[in-house]
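Colleague: Quick one: the structure is below, questions incoming.
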Ligand code: NAD
């Protein structure tokens, strides 16, 4: 999944590794290949100042290797800031496997991938992401301890998506409080784009609270099922972005917030699960601010999943994970206040707090 709108020919013009705009001070990038299983993977380790680089493995049918590299670099950098802002002692990393998860993934491939992870001696720890599942993590666990998101039957924390959805719900409530004066979502018109693992649980929370939920998904069957299950309305207009709603929750793809869509947006709040929602962080964060649209930074409010899998490393259970995830509500409010007080965008505010935590730790380590 491409998380930034960059044309393939623009990518190929740049030097493939250090020349990528998304390279952004990565510590290490590992290319993994195994002819027998067809494995082609890239592990991006962005920063390990706060701890081992933890981030999921995405399996996706990328159009070319540059796209895969660009994706892993952007995602692993995002993990650095996600863990830092969430107060976790983790660095940022991510992996991608090039291929169609439905037709090309095999247990042998996953095992081989686990061996590559093991060779990094714990500097990178994986988990599930789009195209990989809890059973895949269980296979990887057979060859390395450096994996999280394994099944509860095997002593893990299971699927992180419900906890991610809880964090997004908390972040959305905080945004509603800041923008509308109350965190009650009853009667609020909310558009959820993407009814997958996270989207569905979020829709469950929202409909239970009495919000007027509209949903959209390219998977018509799934969308119909979710609509029926939760009494949500299917969005059938021509232009999703100009829908007359209070809150837009992107829970499908990255980069849906760009110059084109911001112009059309009627929502006053954006709060969703998708990673890298802003096509260009600096440009589009500012455009949202100028238009008076309150943006809850994605890497802040979708951190429930990583908070959940972190429990497998520091040995806390579901209750503690939910408590820490609930705190996303308070952190989100703090970020909004910090942004207003300092005249910066909410994205910049969250980034600068995360960066400060990393810089402080670096200073401590140098003593
Ligand atoms: P998922 O694959 O289960 O669901 C994504 C859904 O979006 C699918 O139903 C898909 O059909 C739909 N979709 C794809 N393109 C669409 C489009 N153009 N319009 C509408 N719907 C579209 O993924 P997920 O685990 O629910 O994650 C959703 C997003 O949240 C992803 O961007 C993911 O990176 C991010 N995220 C997930 C977690 C987690 O714990 N699962 C944690 C952090 C961030």
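One is the number of the first residue shown, and numbering goes on along the chain from there.
From the backbone N, Cα and C atoms, a Cβ is placed for every residue, glycine too.
Sharing the record's features from TrEMBL:
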| type | residues | note |
| --- | --- | --- |
| ACT_SITE | 94 | active site, proton donor/acceptor |
| BINDING | 194, 195, 196, 197, 198, 199 | NAD(+) binding site |
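Could you give the neighbours, burial and distances for every feature on this list?
Modeller: Counted within 10 Å of its Cβ, the other Cβ atoms near residue 94 (active site, proton donor/acceptor) come to 30, all protein chains included.
Classification of residue 198 (NAD(+) binding site) by DSSP places it within a helix. Note on residue 198 (NAD(+) binding site): other Cβ atoms within 10 Å of its Cβ, all shown chains, come to 28.
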Colleague: Enter the number of other CB atoms within 10 angstroms of the CB of residue 194 (NAD(+) binding site).
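Modeller: Counting Cβ neighbours of residue 194 (NAD(+) binding site) within 10 Å gives 25.
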Colleague: Those recorded positions, 94, 196, 197: which ones have a Cβ sitting under 6 Å from ligand 1?
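Modeller: Cβ < 6 Å from ligand 1, in sequence order: 196, 197.
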Colleague: List the other residues in this chain whose Cβ sits within 8 Å of the Cβ centroid of the NAD(+) site residues 194, 195, 196, 197, 198, 199, in sequence order.
Modeller: 161, 192, 200, 201, 202, 217, 251, 252, 273
Colleague: Could you list the residues of the same chain, at least six apart in sequence, whose Cβ is under 8 A from the Cβ of residue 196 (NAD(+) binding site)?
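Modeller: Result: 161, 217, 222, 251, 252.
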Colleague: Let me check the 10 A CB neighbour count of residue 197 (NAD(+) binding site). How many other CB atoms are there?
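Modeller: For residue 197 (NAD(+) binding site), the count of other Cβ atoms within 10 Å is 20.
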